[in-house]
Amino acid sequence: MTENISHAASSGIGQVITRFGADFLIETEAGERLRCTARRKLDHLACSDHVQWERQAQGNAAVTAMLPRRNVLERPDFRGKLRPIAANIDLLIVVASWQPAPVWETLDRYLIAANRLHADVLLVMNKMDLRQTHATAEAEACLAEYVRIGCPILHVAADQQQGIGDILSAIQRRTAIVVGQSGVGKSSIAAQLLPDTDIRVGTISDTGEGRHTTTSATLYRLPAGGALIDSPGVRDFGLTGLDFATLESGFPEFRPFLGGCRFNNCTHNHEPGCAIKAAVNAGQLPPKRFARYLSLLSTV
Ligand SMILES: Nc1nc2c(ncn2[C@@H]2O[C@H](COP(=O)(O)OP(=O)(O)OP(=O)(O)O)[C@@H](O)[C@H]2O)c(=O)[nH]1
Ligand SMILES: [Mg+2]
Ligand SMILES: [Zn+2]
């Protein structure tokens with residue numbers, strides 16, 4: 001009966017590769033690509049979701065159900081409404097560069113998001129070729145704090161094919177997503193990892209805006225196994241609905257000190273006897289990250 005599992009199957013299970021407006025590109029278990037329309041109640045489907053699909057007598061096939069997902073990365077759209085970007089993520093590759101300069105608070109927000117997703121995180125500093133000319137002392141000090149807290153970091157230059165193999169090794173056949181500001185080189189990295197795939201790369205204009213900017217998250221299968229999701233860049237990655245517990249656990253360097261505050265509901269802000277604050281003052285915790293923690297705290 002295995003012959004029946006062929007391109008002619010009329011329904012089955014598949015995975016969302018990307019989205020075009022209201023339609024989705026699905027890869028079936030047989031490896032066929034199908035353009036599908038989704039029922040309205042499935043508007044929250046995202047790249048990398050597993051779904052049930054069904055051919056229709058007329059027109060596009062239809063996505064009829066979403067299978068359970070392990071996690072989903074969401075971001076607010078231009079109206080501030082939370083939108084799912086991609087699901088079932090094992091590794092969040094947070095890409096930053098020296099031009100455009102890193103926005104450290106965005107990085108912190110992605111670290112919090114990774115923790116919330118139970119995904120691993122890899123910080124990739126791209127455009128290594130611009131480090132000497134563009135890195136400020138302040139930026140180097142901020143970066144050093146991530147080294148200090150044990151965040152895995154790779155320095156690469158996608159345009160010069162430097163360090164790309166290290167990214168591939170870090171993915172280890174898992175599902176990884178590249179995220180970060182527009183123009184940092186996410187698509188350039190994806191293009192280097194997938195030399196046989198046509199991935200459009202932006203050209204930086206005077207405004208720093210990419211002209212071939214990525215508009216929709218897309219999943220690519222890596223030749224050695226695993227998958228890479230290229231995602232559109234964001235100027236500001238807000239974590240809407242951030243609650244205190246999520247924020248606190250998104251700062252893993254706090255963990256060794258957490259039991260030591262005088263109040264067990266300490267927010268590590270103004271409270272007396274705060275072990276986190278004491279550790280910052282004693283040089284045991286990185287101060288710039290702590291300052292950004294306080295500014296994020298004011299948003300919860
Ligand atoms: N100097 C230098 N430029 C690079 C490097 N990697 C990528 N770029 C350039 O950075 C620009 C933006 O690259 P993209 O890969 O489109 O950036 P992106 O992060 O995908 O941007 P969005 O899709 O808008 O989010 C392009 O002009 C690339 O050629 C690098 O290692 N060094
Ligand atoms: Mg892109
Ligand atoms: Zn405290």
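Here, residue 1 is simply the first one shown, and the rest follow in order.
Just so it is clear, glycine is given a Cβ too, placed from its N, Cα and C backbone atoms.
Curation does not apply to TrEMBL; its annotations are automatic.
Remember, it's a predicted structure, so these values are computed and weren't measured experimentally.
TrEMBL lists 78-237 with the feature domain 'CP-type G'.
TrEMBL lists 87-235 with the feature domain 'EngC GTPase'.
If you look up TrEMBL, you'll see Asn126, Lys127, Met128, Asp129, Gly180, Gln181, Ser182, Gly183, Val184, Gly185, Lys186, Ser187, Ser188 marked as GTP binding site. In the shown protein chains, 32 other C-beta atoms lie within 10 A of the C-beta of Lys186 (GTP binding site).
In this view, Cys266 (Zn(2+) binding site) is surrounded by 19 other Cβ atoms within 10 Å of its Cβ, with every protein chain counted. Taken from TrEMBL, the feature Zn(2+) binding site applies to Cys261, Cys266, His268, Cys274.
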Cβ contacts of Asn126 (GTP binding site) (under 8 Å, same chain, 6 or more positions away): Val95, Ala96, Ser97, Val156, Ala157, Ala158, Val184, Gly185, Ser188, Ile189
Among Asn126, Ser182, Val184, His268, the binding-site residues whose C-beta sits under 6 Å from ligand 3: His268
Met128 (GTP binding site): secondary structure state under DSSP, collapsed to three categories: helix
Residues within 8 Å of the Cys261, Cys266, His268, Cys274 Cβ centre (excluding the Zn(2+) site residues themselves): Arg262, Phe263, Thr267, Asn269, Glu271, Gly273, Ala275, Ile276, Lys277
